[in-house]
(Lines of atoms letter the chains of each structure in order from A and count residues from 1; the text may use other names and numbers.)
(Lines give C-alpha, C1' and ligand atoms only; values in the text may rest on other atoms or scores of the structure.)
Protein backbone atom coordinates (compact mmCIF):
# COMPACT_ATOMS: atom_id res chain seq x y z
CA UNK A 1 0.00 0.00 0.00
CA UNK A 2 1.28 3.48 -0.91
CA UNK A 3 2.11 5.79 1.96
CA UNK A 4 -0.70 8.36 2.45
CA UNK A 5 1.76 11.25 2.21
CA UNK A 6 2.60 10.13 -1.33
CA UNK A 7 -0.98 9.55 -2.52
CA UNK A 8 -3.12 12.20 -0.79
CA UNK A 9 -3.61 15.20 -3.17
CA UNK A 10 -2.67 17.81 -0.55
CA UNK A 11 -0.12 15.84 1.45
CA UNK A 12 1.84 14.85 -1.64
CA UNK A 13 2.46 18.55 -2.43
CA UNK A 14 3.91 19.01 1.07
CA UNK A 15 5.78 15.70 0.71
CA UNK A 16 7.39 16.74 -2.58
CA UNK A 17 8.35 20.15 -1.19
CA UNK A 18 9.60 19.35 2.32
CA UNK A 19 10.01 15.60 2.87
CA UNK A 20 11.06 13.58 -0.19
CA UNK A 21 12.51 16.59 -2.03
CA UNK A 22 15.85 15.53 -3.61
CA UNK A 23 18.46 17.96 -2.26
CA UNK A 24 22.20 18.30 -3.05
CA UNK A 25 24.22 16.46 -0.40
CA UNK A 26 26.74 19.27 0.03
CA UNK A 27 24.68 22.44 0.64
CA UNK A 28 26.03 24.46 3.56
CA UNK A 29 24.34 26.49 6.29
CA UNK A 30 24.02 29.39 3.82
CA UNK A 31 21.07 27.42 2.41
CA UNK A 32 19.24 27.63 5.78
CA UNK A 33 17.96 31.15 5.22
CA UNK A 34 15.07 30.20 2.92
CA UNK A 35 13.40 28.19 5.67
CA UNK A 36 14.29 30.87 8.26
CA UNK A 37 12.57 33.48 6.09
CA UNK A 38 9.46 31.29 5.95
CA UNK A 39 9.48 31.07 9.74
CA UNK A 40 10.03 34.85 10.05
CA UNK A 41 7.05 35.47 7.76
CA UNK A 42 4.84 33.10 9.79
CA UNK A 43 5.96 34.75 13.04
CA UNK A 44 5.28 38.25 11.67
CA UNK A 45 1.81 37.27 10.41
CA UNK A 46 0.87 35.69 13.76
CA UNK A 47 2.19 38.50 16.00
CA UNK A 48 0.78 41.08 13.57
CA UNK A 49 -2.65 39.46 13.62
CA UNK A 50 -2.84 39.62 17.42
CA UNK A 51 -1.54 43.21 17.43
CA UNK A 52 -4.18 44.20 14.85
CA UNK A 53 -6.88 43.00 17.27
CA UNK A 54 -5.93 45.79 19.67
CA UNK A 55 -4.56 48.47 17.34
CA UNK A 56 -6.65 51.41 16.07
CA UNK A 57 -5.63 53.06 12.79
CA UNK A 58 -6.76 56.56 13.67
CA UNK A 59 -4.41 59.51 14.20
CA UNK A 60 -6.11 60.40 17.49
CA UNK A 61 -5.76 56.95 19.05
CA UNK A 62 -2.99 55.03 17.19
CA UNK A 63 -0.16 56.06 19.54
CA UNK A 64 -2.29 55.41 22.63
CA UNK A 65 -3.40 52.02 21.31
CA UNK A 66 0.28 50.95 21.16
CA UNK A 67 0.71 52.10 24.77
CA UNK A 68 -2.46 50.17 25.67
CA UNK A 69 -1.06 47.02 23.98
CA UNK A 70 2.20 47.29 25.93
CA UNK A 71 0.61 48.07 29.31
CA UNK A 72 -2.85 46.51 29.46
CA UNK A 73 -2.98 43.58 27.02
CA UNK A 74 -1.77 40.23 28.42
CA UNK A 75 1.75 39.75 27.02
CA UNK A 76 1.05 42.63 24.62
CA UNK A 77 4.56 44.00 25.16
CA UNK A 78 6.12 40.73 23.97
CA UNK A 79 3.86 40.72 20.89
CA UNK A 80 4.80 44.28 20.04
CA UNK A 81 8.56 43.82 20.49
CA UNK A 82 8.61 40.38 18.85
CA UNK A 83 6.90 41.98 15.82
CA UNK A 84 9.25 45.00 15.71
CA UNK A 85 12.45 42.99 16.22
CA UNK A 86 11.08 40.13 14.10
CA UNK A 87 11.20 42.59 11.18
CA UNK A 88 14.91 43.12 11.88
CA UNK A 89 15.52 39.36 11.92
CA UNK A 90 13.52 39.11 8.68
CA UNK A 91 15.82 41.62 6.96
CA UNK A 92 19.01 40.06 8.36
CA UNK A 93 17.90 36.72 6.88
CA UNK A 94 16.82 38.42 3.62
CA UNK A 95 20.15 40.17 3.07
CA UNK A 96 22.12 37.00 3.92
CA UNK A 97 19.86 35.00 1.57
CA UNK A 98 20.43 37.47 -1.31
CA UNK A 99 24.17 37.61 -0.52
CA UNK A 100 24.34 33.80 -0.69
CA UNK A 101 22.55 33.94 -4.08
CA UNK A 102 25.11 36.46 -5.39
CA UNK A 103 28.12 34.52 -4.10
CA UNK A 104 27.11 31.07 -5.31
CA UNK A 105 25.49 32.14 -8.60
CA UNK A 106 21.93 31.16 -7.63
CA UNK A 107 20.71 33.98 -9.92
CA UNK A 108 21.31 31.68 -12.90
CA UNK A 109 17.80 30.35 -12.14
CA UNK A 110 16.30 33.59 -13.48
CA UNK A 111 12.61 32.96 -12.69
CA UNK A 112 13.33 32.10 -9.05
CA UNK A 113 15.72 35.06 -8.78
CA UNK A 114 13.33 37.61 -10.33
CA UNK A 115 10.43 36.54 -8.12
CA UNK A 116 12.85 36.83 -5.19
CA UNK A 117 13.70 40.43 -6.16
CA UNK A 118 9.97 41.29 -6.41
CA UNK A 119 9.52 39.67 -2.98
CA UNK A 120 12.34 41.83 -1.59
CA UNK A 121 10.60 44.99 -2.88
CA UNK A 122 7.25 43.88 -1.44
CA UNK A 123 8.74 43.09 1.98
CA UNK A 124 10.48 46.50 2.01
CA UNK A 125 7.18 48.25 1.18
CA UNK A 126 5.39 46.29 3.92
CA UNK A 127 8.08 47.11 6.50
CA UNK A 128 7.98 50.81 5.60
CA UNK A 129 4.19 50.97 6.03
CA UNK A 130 4.44 49.06 9.31
CA UNK A 131 6.92 51.63 10.64
CA UNK A 132 4.32 54.36 10.13
CA UNK A 133 1.61 52.65 12.21
CA UNK A 134 2.78 53.48 15.79
CA UNK A 135 2.32 57.17 14.81
CA UNK A 136 5.35 58.40 16.71
CA UNK A 137 7.54 61.31 15.55
CA UNK A 138 9.81 59.17 13.37
CA UNK A 139 6.79 57.27 11.97
CA UNK A 140 5.13 60.50 10.86
CA UNK A 141 8.22 62.24 9.50
CA UNK A 142 9.57 59.07 7.90
CA UNK A 143 6.25 58.66 6.07
CA UNK A 144 6.29 62.34 5.04
CA UNK A 145 9.86 62.27 3.71
CA UNK A 146 9.70 58.92 1.88
CA UNK A 147 6.27 59.44 0.26
CA UNK A 148 7.34 62.97 -0.71
CA UNK A 149 10.13 61.47 -2.84
CA UNK A 150 7.47 60.53 -5.41
CA UNK A 151 6.90 64.25 -6.05
CA UNK A 152 10.24 64.15 -7.94
CA UNK A 153 8.50 62.23 -10.76
CA UNK A 154 8.03 64.75 -13.59
CA UNK A 155 4.54 66.07 -14.39
CA UNK A 156 2.46 63.65 -12.26
CA UNK A 157 4.63 63.71 -9.10
CA UNK A 158 2.64 66.16 -6.94
CA UNK A 159 -0.74 64.67 -7.85
CA UNK A 160 0.61 61.18 -7.15
CA UNK A 161 1.83 62.14 -3.66
CA UNK A 162 -1.49 63.79 -2.76
CA UNK A 163 -3.32 60.73 -4.08
CA UNK A 164 -1.21 58.42 -1.85
CA UNK A 165 -1.66 60.73 1.14
CA UNK A 166 -5.40 61.06 0.59
CA UNK A 167 -5.07 64.79 1.29
CA UNK A 168 -2.49 67.57 1.37
CA UNK A 169 -0.32 66.01 4.08
CA UNK A 170 0.27 62.71 5.88
CA UNK A 171 -2.88 62.43 7.98
CA UNK A 172 -5.75 60.18 9.06
CA UNK A 173 -6.46 58.87 5.53
CA UNK A 174 -2.76 57.97 5.05
CA UNK A 175 -2.57 56.05 8.32
CA UNK A 176 -5.78 54.11 7.60
CA UNK A 177 -4.69 53.04 4.11
CA UNK A 178 -1.17 52.17 5.31
CA UNK A 179 -2.70 49.90 7.95
CA UNK A 180 -4.95 48.25 5.33
CA UNK A 181 -1.99 47.60 3.02
CA UNK A 182 0.29 46.52 5.87
CA UNK A 183 -2.32 43.92 6.84
CA UNK A 184 -2.90 42.72 3.28
CA UNK A 185 0.64 42.53 1.85
CA UNK A 186 2.01 39.69 4.04
CA UNK A 187 -0.67 37.38 2.61
CA UNK A 188 0.30 38.42 -0.93
CA UNK A 189 3.94 37.79 0.08
CA UNK A 190 2.93 34.28 1.24
CA UNK A 191 1.41 33.55 -2.18
CA UNK A 192 4.55 34.88 -3.92
CA UNK A 193 6.73 32.70 -1.67
CA UNK A 194 4.78 29.67 -2.91
CA UNK A 195 5.53 30.69 -6.52
CA UNK A 196 9.20 31.29 -5.58
CA UNK A 197 9.36 27.73 -4.19
CA UNK A 198 7.50 26.32 -7.19
CA UNK A 199 10.12 27.70 -9.60
CA UNK A 200 12.97 26.62 -7.31
CA UNK A 201 11.68 23.03 -7.21
CA UNK A 202 11.46 22.98 -11.02
CA UNK A 203 15.27 23.22 -11.19
CA UNK A 204 16.31 21.97 -7.75
CA UNK A 205 18.71 23.76 -5.40
CA UNK A 206 22.11 25.08 -6.42
CA UNK A 207 25.09 24.01 -4.27
CA UNK A 208 28.38 25.63 -3.12
CA UNK A 209 30.41 24.25 -6.05
CA UNK A 210 27.97 25.55 -8.70
CA UNK A 211 28.26 22.16 -10.45
CA UNK A 212 25.05 20.17 -11.22
CA UNK A 213 24.45 17.68 -8.40
CA UNK A 214 21.84 15.44 -10.06
CA UNK A 215 23.97 12.35 -9.38
CA UNK A 216 24.33 13.06 -5.66
CA UNK A 217 20.99 13.90 -4.04
CA UNK A 218 19.62 13.06 -0.58
CA UNK A 219 16.05 13.46 0.76
CA UNK A 220 15.28 16.77 2.47
CA UNK A 221 13.90 14.99 5.54
CA UNK A 222 15.53 14.12 7.95
CA UNK A 223 18.90 15.58 6.84
CA UNK A 224 17.96 19.18 6.14
CA UNK A 225 14.94 19.40 8.44
CA UNK A 226 17.25 18.82 11.41
CA UNK A 227 19.83 21.22 9.96
CA UNK A 228 17.15 23.91 9.50
CA UNK A 229 15.96 23.39 13.09
CA UNK A 230 19.49 24.22 14.31
CA UNK A 231 19.38 27.49 12.31
CA UNK A 232 15.90 28.18 13.68
CA UNK A 233 17.05 27.70 17.29
CA UNK A 234 19.95 30.11 16.76
CA UNK A 235 17.64 32.71 15.19
CA UNK A 236 14.98 32.36 17.91
CA UNK A 237 17.73 32.69 20.58
CA UNK A 238 18.95 35.92 18.97
CA UNK A 239 15.38 37.26 18.59
CA UNK A 240 14.42 36.43 22.19
CA UNK A 241 17.66 38.00 23.48
CA UNK A 242 16.74 41.19 21.62
CA UNK A 243 13.08 41.17 22.69
CA UNK A 244 13.69 40.37 26.36
CA UNK A 245 16.90 42.29 27.08
CA UNK A 246 17.09 45.29 24.73
CA UNK A 247 13.84 45.58 22.74
CA UNK A 248 14.51 49.20 21.75
CA UNK A 249 18.12 48.75 20.63
CA UNK A 250 17.25 48.83 16.91
CA UNK A 251 14.40 51.35 17.22
CA UNK A 252 14.46 55.14 17.32
CA UNK A 253 13.83 56.95 20.64
CA UNK A 254 11.95 59.70 18.73
CA UNK A 255 9.18 57.18 18.12
CA UNK A 256 8.24 57.39 21.82
CA UNK A 257 7.05 60.95 21.16
CA UNK A 258 3.57 61.20 19.60
CA UNK A 259 3.54 62.46 15.99
CA UNK A 260 3.63 66.25 15.83
CA UNK A 261 3.40 67.89 12.37
CA UNK A 262 4.67 71.20 13.85
CA UNK A 263 7.94 69.83 15.21
CA UNK A 264 10.54 68.17 12.97
CA UNK A 265 13.03 65.71 14.59
CA UNK A 266 16.71 66.78 14.21
CA UNK A 267 17.64 63.68 12.15
CA UNK A 268 14.96 61.93 10.13
CA UNK A 269 16.08 58.40 9.31
CA UNK A 270 14.38 55.08 8.51
CA UNK A 271 14.93 51.75 10.30
CA UNK A 272 18.49 50.34 10.13
CA UNK A 273 17.66 47.91 7.30
CA UNK A 274 16.91 50.77 4.88
CA UNK A 275 19.89 52.95 5.79
CA UNK A 276 22.13 51.75 2.93
CA UNK A 277 19.50 52.80 0.34
CA UNK A 278 18.83 56.04 2.28
CA UNK A 279 22.58 56.86 2.16
CA UNK A 280 22.57 56.35 -1.64
CA UNK A 281 19.48 58.60 -1.91
CA UNK A 282 21.13 61.37 0.11
CA UNK A 283 24.46 61.17 -1.70
CA UNK A 284 22.96 62.70 -4.87
CA UNK A 285 22.23 66.44 -4.58
CA UNK A 286 19.39 66.28 -7.14
CA UNK A 287 15.96 65.08 -5.92
CA UNK A 288 14.96 63.07 -9.02
CA UNK A 289 18.50 61.69 -9.39
CA UNK A 290 18.48 60.58 -5.75
CA UNK A 291 15.13 58.82 -6.11
CA UNK A 292 16.33 57.05 -9.27
CA UNK A 293 19.55 55.95 -7.54
CA UNK A 294 17.50 54.68 -4.57
CA UNK A 295 15.25 52.52 -6.79
CA UNK A 296 18.10 51.33 -9.05
CA UNK A 297 20.22 50.35 -6.01
CA UNK A 298 17.78 47.47 -5.39
CA UNK A 299 16.37 47.02 -8.92
CA UNK A 300 19.95 46.38 -10.10
CA UNK A 301 19.54 42.84 -8.71
CA UNK A 302 17.21 42.07 -11.65
CA UNK A 303 20.06 42.50 -14.17
CA UNK A 304 22.63 40.46 -12.18
CA UNK A 305 22.05 37.35 -14.39
CA UNK A 306 22.87 39.49 -17.47
CA UNK A 307 26.13 40.67 -15.88
CA UNK A 308 27.35 37.09 -15.25
CA UNK A 309 30.33 36.76 -17.60
CA UNK A 310 32.20 33.95 -15.81
CA UNK A 311 32.40 30.40 -17.19
CA UNK A 312 31.95 29.17 -13.61
CA UNK A 313 28.68 29.58 -11.76
CA UNK A 314 29.85 29.86 -8.16
CA UNK A 315 32.51 32.17 -6.67
CA UNK A 316 33.86 29.27 -4.58
CA UNK A 317 36.88 28.82 -6.90
CA UNK A 318 37.28 32.46 -8.02
CA UNK A 319 39.50 34.35 -5.53
CA UNK A 320 39.45 37.68 -7.43
CA UNK A 321 35.64 37.75 -7.54
CA UNK A 322 35.56 36.77 -3.86
CA UNK A 323 37.65 39.85 -2.99
CA UNK A 324 35.19 42.05 -4.90
CA UNK A 325 32.20 40.39 -3.24
CA UNK A 326 33.54 41.06 0.26
CA UNK A 327 34.44 44.61 -0.79
CA UNK A 328 30.76 45.01 -1.78
CA UNK A 329 29.67 43.70 1.63
CA UNK A 330 32.03 46.15 3.40
CA UNK A 331 30.71 48.95 1.16
CA UNK A 332 27.09 48.15 2.09
CA UNK A 333 27.99 48.16 5.80
CA UNK A 334 29.69 51.55 5.29
CA UNK A 335 26.57 52.89 3.53
CA UNK A 336 24.39 51.59 6.39
CA UNK A 337 26.56 53.42 8.93
CA UNK A 338 26.62 56.66 6.88
CA UNK A 339 22.83 56.54 6.37
CA UNK A 340 22.45 56.95 10.12
CA UNK A 341 24.80 59.97 10.32
CA UNK A 342 23.78 63.62 9.81
CA UNK A 343 24.44 65.12 6.36
CA UNK A 344 27.68 66.98 7.05
CA UNK A 345 31.35 66.46 6.25
CA UNK A 346 33.02 63.97 6.32
CA UNK A 347 29.94 61.65 6.24
CA UNK A 348 28.48 63.28 3.09
CA UNK A 349 31.60 62.86 0.93
CA UNK A 350 32.26 59.34 2.22
CA UNK A 351 28.63 58.40 1.35
CA UNK A 352 29.10 59.62 -2.23
CA UNK A 353 32.30 57.58 -2.58
CA UNK A 354 30.59 54.47 -1.15
CA UNK A 355 27.59 54.95 -3.51
CA UNK A 356 29.86 55.23 -6.58
CA UNK A 357 31.80 52.15 -5.42
CA UNK A 358 28.55 50.17 -4.92
CA UNK A 359 27.38 50.68 -8.51
CA UNK A 360 30.92 50.32 -9.94
CA UNK A 361 31.49 46.93 -8.28
CA UNK A 362 28.20 45.47 -9.54
CA UNK A 363 28.06 46.94 -13.06
CA UNK A 364 31.73 47.24 -14.07
CA UNK A 365 34.23 45.50 -11.77
CA UNK A 366 32.51 42.13 -11.22
CA UNK A 367 31.85 41.35 -14.94
CA UNK A 368 35.40 42.49 -15.88
CA UNK A 369 36.99 40.42 -13.11
CA UNK A 370 35.03 37.36 -14.29
CA UNK A 371 36.43 37.86 -17.81
CA UNK A 372 39.96 38.18 -16.40
CA UNK A 373 39.47 34.92 -14.46
CA UNK A 374 38.22 33.17 -17.62
CA UNK A 375 41.36 34.38 -19.42
CA UNK A 376 43.67 33.25 -16.58
CA UNK A 377 42.09 29.78 -16.73
CA UNK A 378 42.44 29.89 -20.56
CA UNK A 379 38.69 29.37 -21.06
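Backbone N, Cα and C define each Cβ position, glycine as well.
Long-range neighbours of the transmembrane segment (33-53) within the same chain, counting only residues 6 or more positions beyond its ends whose Cβ lies under 8 Å from a Cβ of the stretch, are 69, 79-80, 82-83, 86-87, 89-90, 93-94, 96-97, 100, 130, 182-183, 186-187, 189-190, 193, 228, 231-232, 235. The feature transmembrane segment is assigned by Swiss-Prot to 33-53 (among others), with similarity to another entry given as support.
Under the heading transmembrane segment, Swiss-Prot lists 77-98 (among others), citing similarity to another entry as support. Same-chain neighbours of the transmembrane segment (77-98): 30, 33-34, 36-37, 40-41, 43-44, 47-48, 50-51, 66, 69-71, 116, 120, 123, 127, 130, 235, 238-239, 242-243, 247, 250-251, 271-273, 301, counting only residues six or more beyond its ends whose CB sits under 8 Å from a CB of the stretch.
Here Swiss-Prot flags 83, 182 as heme b b562 binding site. Packing around residue 83 (heme b b562 binding site) is summarised by its Cβ count: 21 other Cβ atoms lie within 10 angstroms of its Cβ, all protein chains included.
Positions annotated as heme b b566 binding site by Swiss-Prot: 97, 196. Secondary structure from DSSP puts residue 97 (heme b b566 binding site) in a helix.
Distant neighbours of the transmembrane segment (113-133): 48, 55, 57, 62, 87, 90-91, 94, 98, 101, 106-107, 139-140, 142-143, 146, 174-175, 178-179, 181-182, 185-186, 188-189, 192-193, 195-196, 199, 270-271, 273-274, 298-299, 301-302, 304-305; these residues of the same chain sit at least 6 beyond its ends, with a Cβ under 8 Å from one of its Cβ atoms. The feature transmembrane segment is assigned by Swiss-Prot to 113-133 (among others).
Residues 17, 37-38, 41, 44-45, 48, 52, 55, 57, 112, 115-116, 118-119, 122-123, 125-126, 129-130, 132-133, 143 of the same chain lie 6 or more positions beyond the ends of the transmembrane segment (178-198) yet place their CB under 8 Å from a CB of it. Swiss-Prot lists 178-198 (among others) with the feature transmembrane segment, giving similarity to another entry as the kind of evidence.
As annotated by Swiss-Prot, ubiquinone binding site applies to 201, with the evidence given as similarity to another entry. Note on residue 201 (ubiquinone binding site): other Cβ atoms within 10 Å of its Cβ, all shown chains, come to 14.
Under the heading transmembrane segment, Swiss-Prot lists 226-246 (among others). Among residues of the same chain six or more beyond the transmembrane segment (226-246), those with a C-beta under 8 A of the stretch's C-beta atoms are 29, 32-33, 35-36, 39-40, 78, 81-82, 85-86, 88-89, 93.
According to Swiss-Prot, the feature transmembrane segment maps to 288-308 (among others).
What Swiss-Prot lists as transmembrane segment is 320-340 (among others), and the listing cites similarity to another entry.
Feature annotation from Swiss-Prot assigns transmembrane segment to 347-367 (among others); the stated evidence is similarity to another entry. Panel annotation: around the transmembrane segment (347-367), residues 279-280, 282-284, 293, 296-297, 300, 304, 307-309, 321, 324-325, 327-328, 331-332, 334-335, 338-339, 341 of the same chain, lying at least six beyond its termini, place a Cβ under 8 Å from a Cβ of the stretch.
Comparing the Cα of residue 201 (ubiquinone binding site) with the Cα of every entry in 83, 97, 182, these being the binding-site residues, the smallest distance points to 97. Sequence-remote contacts of a segment are chain residues at least 6 beyond its ends whose Cβ falls under 8 Å from one of its Cβ atoms, and for the transmembrane segment (288-308) they are 98, 102, 105, 107-108, 110, 113-114, 117, 120-121, 124, 149-150, 152-154, 276-278, 280-282, 355, 358-359, 362-363, 366-367, 370.
Under the three-state DSSP scheme, residue 201 (ubiquinone binding site) falls in the helix class.
Listed in sequence order, the residues of the same chain lying 6 or more apart from residue 97 (heme b b566 binding site) and placing their CB within less than 8 Å of its CB are 33, 34, 37. Taking a C-beta cut-off of under 8 angstroms and a sequence separation of 6 or more, residue 196 (heme b b566 binding site) has the following same-chain neighbours: 112, 115, 116, 119.
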